[in-house]
Amino acid sequence: MGLLIDGTWHNQWYDTAVTKGKFQRESAQLRNWITVQGEAGPTGRGGFKAESNRYHLYVSLACPWAHRTLIFRALKSLKDHISISVVSPDMLENGWTFDTASQSSGDLLFDAEYMHQIYTKHSSTYSGRVTVPVLWDKHLNCIVSNESSEIIRMFNDVFNHITGNTLNFYPEEEQQEIDEMNDFVYHNINDGVYKTGFATTQTTYEQAYNALFSALDKIELRLSTQRYLVGERLTEADWRLFTTLIRFDSVYFGHFKCNQRQLEQFHHISNYIRALYQHPEIANTVDFYHIKRHYYYSHKTINPTQVVPSGPRVDYTSEHNRG
Ligand SMILES: N[C@@H](CCC(=O)N[C@@H](CS)C(=O)NCC(=O)O)C(=O)O
């Protein structure tokens with residue numbers, strides 16, 4: 001684990017001493033947008049026209065942020081149009097790697113060894129953390145975006161004229177409610193599990209833990225009266241929550257000490273996870289080997305033995321009541 005400073009790799013973890021025990025995620029820096037005609041998007045510069053086989057996704061199957069992009073690639077019929085490379089689940093002194101001996105696909109574009117080399121190919125003086133997902137432009141040879149929430153917005157509609165898939169997970173009339181829900185879920189749940197697990201003082205841990213479980217109680221209540229997070233239709237907000245929920249009992253409950261209750265004990269949430277897991281295309285995007293191996297093996301600060309637990313046994317293919 002580490003970061004680039006002026007294009008040179010340094011092996012260092014987040015310094016929680018400067019943030020009084022709190023884990024603070026760095027904002028993504030590369031925020032361009034693919035658009036239908038290549039015009040500039042809401043941020044960054046233009047030049048990234050939606051074209052088949054022009055873009056490549058770098059993902060980890062363990063990472064909940066990268067998982068969002070894999071879900072949208074599958075749901076929006078983009079698998080034949082956007083290629084992918086999968087990093088190894090083991091993220092140690094060199095950060096994310098393309099070690100095929102430990103379950104990476106290898107880097108299908110450049111045969112690089114490490115993910116940080118993709119960032120320095122983009123800019124030889126790059127400074128910042130080397131995160132996945134990364135959306136790469138094979139035509140201009142640079143990174144388009146390393147922000148998953150924006151990558152899924154692009155996938156939601158800019159390739160529609162190429163794929164013919166017009167499913168819309170961010171419908172205009174629901175956008176405000178989706179944005180509010182995303183904000184709540186991001187701070188308390190998506191990032192909340194990390195804030196809980198990486199806290200290095202009792203107080204910061206308890207704050208994050210309490211916020212997390214009170215948010216889960218609110219979600220449980222909401223799902224008792226409506227089928228999806230925002231109304232009766234499946235939206236981006238559901239998929240953004242799902243990638244955290246599906247990792248919860250296997251990893252966050254134990255590894256990140258989010259252990260008030262397993263999600264299996266929440267009646268509505270546990271059924272909702274199954275409904276989303278069993279949605280066409282989704283089960284193929286979930287890889288529990290990568291998920292468990294990555295967290296337990298890579299975070300030596302919180303699991304120094306690197307032993308990966310065998311359980312829990314949860315069957316996400318079993319029947320649910322949300323039909
Ligand atoms: N804002 C980014 C966050 C991505 C992110 O933090 N990815 C994690 C993997 S789960 C990562 O690559 N971490 C490496 C690091 O922080 O050094 C997004 O949503 O795309």
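Count begins at 1; order follows the chain as displayed.
Glycine residues also receive a Cβ, built from the backbone N, Cα and C atoms like all the rest.
Copied over from TrEMBL, here are the features:
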ACT_SITE  CYS63  active site, nucleophile
BINDING   TRP96, ARG129, VAL130, THR131, VAL132, GLU147, SER148  glutathione binding site
DOMAIN    171-298  domain 'GST C-terminal'
ACT_SITE  TYR194  active site, proton donor/acceptor
SITE      TYR252  site 'Lowers pKa of active site Cys'
SITE      TYR295  site 'Lowers pKa of active site Cys'
* **Confidence summary for the domain 'GST C-terminal' (171-298), mean pLDDT rounded** => 98
* **Inter-residue Cα distance where the pair is TYR295 (site 'Lowers pKa of active site Cys') and SER148 (glutathione binding site), in Å** => 19
* Compare the C-alpha of TYR252 (site 'Lowers pKa of active site Cys') with the C-alpha of each of the recorded positions CYS63, ARG129, TYR194, and give the closest one. => TYR194
* Which residues in the same chain, at least 6 apart in sequence, have a Cβ under 8 Å from the Cβ of GLU147 (glutathione binding site)? -> ALA28, LEU30, ARG31
* If we check Cα distances from VAL130 (glutathione binding site), which of the recorded positions CYS63, TYR194, TYR295 wins as closest? -> CYS63
* Tell me which recorded positions (ARG129, THR131, VAL132, SER148, TYR252, TYR295) have a Cβ under 6 A from ligand 1; sequence order is fine. => ARG129, THR131, VAL132, SER148
* Taking just the CA atoms, what is the gap between TYR295 (site 'Lowers pKa of active site Cys') and CYS63 (active site, nucleophile) in Å? -> 9
* Reduce the DSSP letter at ARG129 (glutathione binding site) to three states and note it down. => strand
* Structure fact -> GLU147 (glutathione binding site) -> DSSP, reduced to three states, gives coil
* Structure fact -> Taking only the CA atoms, the spacing between TYR194 (active site, proton donor/acceptor) and VAL132 (glutathione binding site), expressed in whole angstrom, is 16
* Structure fact -> For THR131 (glutathione binding site) and CYS63 (active site, nucleophile), the CA-to-CA distance in whole Å is 10
* Where ARG129 (glutathione binding site) and CYS63 (active site, nucleophile) are concerned, what is their Cα separation in Å, rounded? -> 15
* To do: Taking the Cβ of THR131 (glutathione binding site) as the centre, count every other Cβ atom within 10 Å, in any protein chain shown.
  => 24
* Asked: How would DSSP class TYR252 (site 'Lowers pKa of active site Cys') in three states?
  -> helix
